[in-house]
Amino acid sequence: MDCPSCKVSYDEEVFTDNLMVCPHCNCHLRIEPRQRITYLTDENSFQELYPNLKTCNPIEMEGYEEKISAAEEKASLNEAVITGSCKIKGRDALLALMSFHFMGGSMGSVVGEKISRLMLKGATERIPVIIYATSGGARMQEGLFSLMQMAKTSSAAAELDEKGVPLFIMLCDPTTGGVTASFAMLGDITAAEPGALIGFAGPRVIEGTIRQQLPEGFQRAEFQLEKGFVDCIVPRQEQRQFFARMIDAHSLGLKETPKKKKA
């Protein structure tokens, strides 16, 4: 198996044992939600939520059902996000993990619904929410129904904030478009994986628009950290411990009922 960055070859087991991170250049390869669940959560603690929600082709876009079927086969998922409850080093958390292999991680009505439900559950039950974001943006095959999810997920994130329940975001490669312009930038802590592409429009679109070559590293996680767009960069091997610390640091008083704000 070749690293897409440095092109050095290793047995696939080497990549798997290293959480799909290249031992030579530290390139973080794109991985699937169930792989993340294995290294991030306590053994057998993940319980999937809302597994049967599926899109119904709301605007009857021709060929959409075929694209969904092909994506299901490619990603072994029925949508571009998995949501569930879990424990991370004994701490309770609600977890959403997006898949770029399912139609580019595009956010349609079901992705927005599952993420919104998860955040509202976190607000009601006062459980921290962690979202692993990776997406090419809104799902154009669902038209305005897709764009509506930006407001919907942002509203759910605001509910978490109102209830004082922490929302943690991990930006993975790539995170762009409508996901970047909505819930992915609304966390109490916004972290990123090394080298992740993060922005609204991708670099090729920007270069084609302004007809100029962008500087090396533009929109990568390290660039965004330097500009204050993300709070920290967390290597994959450290993410389990990182989220355990974040939950501890931000969860004081979660068992208490928040006081109502005076009108």
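Using N, Cα and C of the backbone, Cβ positions are placed for all residues, glycine too.
Taken from Swiss-Prot, the feature Zn(2+) binding site applies to CYS3, CYS6, CYS22, CYS25. A 10 Å cutoff on Cβ-Cβ distances gives CYS3 (Zn(2+) binding site) a total of 18 other Cβ atoms nearby, all chains included.
Marked as domain 'CoA carboxyltransferase N-terminal' by Swiss-Prot: 1-263.
If you look up Swiss-Prot, you'll see 3-25 marked as zinc finger. With helix defined as DSSP H, G or I and strand as E or B, the zinc finger (3-25) counts 6 helix, 2 strand, 15 coil.
Sequence-distant neighbours of CYS22 (Zn(2+) binding site) (same chain, 6+ apart, CB under 8 A from its CB) are CYS3, SER5, CYS6, VAL8, TYR10, PHE15, LEU29. The Cβ neighbour count for CYS6 (Zn(2+) binding site), using a 10 Å radius and every protein chain shown, is 12.
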